[in-house]
Amino acid sequence: MAYPVQLGFQDAASPIMEELLYFHDHTLMIMFLISSLVLYIISLMLTTELMHTNTMDAQEVETVWTILPAAILILIALPSLRILYMMDEITTPSLTLKTMGHQWYWSYEYTDYEDLCFDSYMTPSSDLKPGELRLLEVDNRVVLPTELAVRMLISSEDVLHSWTVPSLGVKTDAIPGRLNQATLMASRPGVYYGQCSEICGANHSFMPIVLELVPLKHFEEWLLSML
């Protein structure tokens, strides 16, 4: 989860988020090299006293500055497209969770089981227990198994919302009348926090998301207690 004065990403807890972190580092390194080259050329232009008054064209330079940017864009685009398809691809999900956004709470439905649905509201600050996080705790947490592919079906009943859990690399818009799909698979147990990431009204800041990822055995025990 996030911590005060954090400048980087949250720790990755899913294969998708790990890929996103690798892609971020890959792109950042390319940007660093380009920026260094530009600064080097600018410093040369400011310090050199050499002048070429008879230069009319430079075919070699024009060829290089056309091909090189194209190659750099390809180096960025290929891993980006790979991750994009990974995020959308889900063939055999072990579980399906339907999420509906409301003003200003979330409702969840485990579609593989009958009558397993609940609403999730933010816990007021006055009701927080010691150790709980202000504006991030909810009255009903979403419990899911680890190391299993979960298909998220996300929509809204009123306005635009966005269901986001940074540690898992999930951010999907909840659009009224449209059912969006996302893939979720946690690589380790834990409690993961998120929030609505689309301005949706006066209480937009009070729509937290809490996922409790547990081993399959504990998930089955939780299911039995809920059914």
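Placement of Cβ uses the backbone N, Cα and C atoms for every residue, glycine included.
What Swiss-Prot lists as topological domain 'Mitochondrial intermembrane' is 1-14, 88-227, and the listing cites similarity to another entry. Among the features that Swiss-Prot reports, transmembrane segment is placed at 15-45, 60-87, with the record citing similarity to another entry. Positions annotated as topological domain 'Mitochondrial matrix' by Swiss-Prot: 46-59. Annotation comment: Swiss-Prot describes His161, Cys196, Cys200, Met207 as Cu cation A1 binding site. The Cu cation A2 binding site annotation in Swiss-Prot covers Cys196, Glu198, Cys200, His204. Taken from Swiss-Prot, the feature Mg(2+) binding site covers Glu198, and the record attributes it to similarity to another entry.
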(message) Quick check: which same-chain residues outside Cys196, Glu198, Cys200, His204 lie with their CB within 8 A of the centre of the Cu cation A2 site CB atoms?
(response) Gly101, Trp104, Val159, Leu160, His161, Ser162, Ser197, Ile199, Gly201, Met207
(message) Going by DSSP assignments with H, G and I as helix and E and B as strand, what are the residue counts for the topological domain 'Mitochondrial intermembrane' (88-227)?
(response) 21 helix, 61 strand, 58 coil
(request) Select the most exposed residue of Cys196, Cys200, Met207, where exposure means the fewest other Cβ atoms within 10 Å, treating these as the binding-site residues. (result) Cys200
(message) Between the Cα atoms of His204 (Cu cation A2 binding site) and Cys196 (Cu cation A1 binding site), what distance do you get, rounded to the nearest Å?
(response) 7
(request) Please give the sequence-distant neighbours of the topological domain 'Mitochondrial intermembrane' (1-14): residues at least 6 beyond its ends with Cβ less than 8 Å from one of its Cβ atoms. (result) 20-21, 24, 166-170, 184-188, 190-193, 213
(request) Enumerate the residues of the same chain, His161, Cys196, Cys200, Met207 excluded, that satisfy the criterion Cβ within 8 A of the mean position of the Cβ atoms of the recorded Cu cation A1 site; list them in sequence order. (result) Gly101, Gln103, Trp104, Trp106, Ser162, Ala174, Gln195, Ser197, Glu198, Gly201, His204
(request) Ten-angstrom check, please: count other Cβ atoms within 10 Å of the Cβ of His204 (Cu cation A2 binding site), all chains counted. (result) 17
(message) Counting by DSSP secondary structure, give me helix, strand and coil numbers for the topological domain 'Mitochondrial intermembrane' (1-14).
(response) 0 helix, 0 strand, 14 coil
(message) I need the least crowded one of these binding-site residues (His161, Glu198), counting other C-beta atoms within 10 angstroms of each C-beta.
(response) Glu198
(message) Whole-number answer please: how many Å between the C-alpha atoms of Glu198 (Cu cation A2 binding site) and Met207 (Cu cation A1 binding site)?
(response) 10
